[in-house]
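The structure appears right after this line, and notes come after that.
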Amino acid sequence: MNALLSNPFKEGLRKGDTQIGLWLSSTTSYMAEIAATSGYDWLLIDGEHAPNTVQDLYHQLQAIAPYASQPVIRPIEGSKALIKQVLDIGAQTLLIPMVDTAEQARQVVSATRYPPLGQRGVGASVARAARWGRIDNYMAQANESLCLLVQVESKVALENLDAILEVEGIDGVFIGPADLSASLGYPDNAGHPEVQRIIEACIYRIRAAGKAAGFLAVDPTMAQKCLAWGANFVAVGVDTMLYTEALDSRLAMFKSVQSVSTAKRSY
């Protein structure tokens, strides 16, 4: 089988295209396929905070596959064993949370690459990613088409950002606003002026280093700010949040507003 692996999301980052995404936290292939028909450039399947098993991730990758939206998987953490499983089920773009140091970044890079470039375990004959051994020269193609994104979301990570940006094999850095604002002493307040200043500066530093800069903004105004600051892959919503907002909005048409939650939501 002479199929060539491609990664349109990674190619878009290389070209500097702006790519708009959506967070998937509902854990179902049905919802993933609905989102995939909506036209988002990328869909983040969340395995960190949503209760997704590896098999759940697998089914959502299958559901998204026929459509143009590109899947990005965020595993619960960046261990070598878990990364191996997620790549074998067909993920080509990973977002690794809580990367605080350059050494952590190097370990993640190694876990995602086959030897001699890294330490990814070899098992193409049983992997969906290799079409069960039917893709010729799969290991070399996999190394080339992989897109690796890491999350900077703590004071420690901010201090080490320049070193993280120097790590070969990192394609982009994603700023985690919820954890970052909490780490900076502003829990549940990513809109605080000091947090905003730091986010803007980080985006500039990431792009200046030649890497892609990413962000999740459930507030459209914040999303527009990040795009203006130079972020080039931005998630503009979370499926579960959009669902609850729509449910509350519809109920408010028929019941008094006091009986419906009107609190402003943040991720």
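Note that Cβ sites are derived from N, Cα and C of the backbone, with glycine treated the same way.
Listed features, source Swiss-Prot:
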{"type": "ACT_SITE", "residues": "His49", "note": "active site, proton acceptor"}
{"type": "BINDING", "residues": "Gln151, Ala178, Asp179", "note": "substrate binding site"}
{"type": "BINDING", "residues": "Glu153, Asp179", "note": "Mg(2+) binding site"}
{"type": "SITE", "residues": "Arg74", "note": "site 'Transition state stabilizer'"}
{"type": "SITE", "residues": "Asp88", "note": "site 'Increases basicity of active site His'"}
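For Ala178 (substrate binding site), the nearest of the recorded positions by C-alpha distance turns out to be Glu153; the candidates were His49, Arg74, Asp88, Glu153.
Asp179 (substrate binding site) counts 19 other C-beta atoms within 10 Å of its own C-beta, drawing on all protein chains shown.
Annotated substrate site Gln151, Ala178, Asp179; additional same-chain residues within 8 Å of its Cβ mean position, judged by their own Cβ, are Pro97, Met98, Glu153, Ser154, Ile175, Gly176, Pro177, Leu180.
Listed in sequence order, Pro97, Met98, Ile175, Gly176, Pro177, Ala178, Asp179, Leu180, Ser183 are the same-chain residues at least 6 apart in sequence whose CB falls under 8 Å from the CB of Glu153 (Mg(2+) binding site). Checking each of the recorded positions (Arg74, Asp88, Gln151) against His49 (active site, proton acceptor), the C-alpha distance stays within 10 Å for Arg74. Ranking the recorded positions His49, Arg74 by the number of CB atoms within 10 A of their own CB puts Arg74 at the top. The recorded positions considered are Asp88, Ala178; of these, Ala178 has the fewest other C-beta atoms within 10 angstroms of its C-beta.
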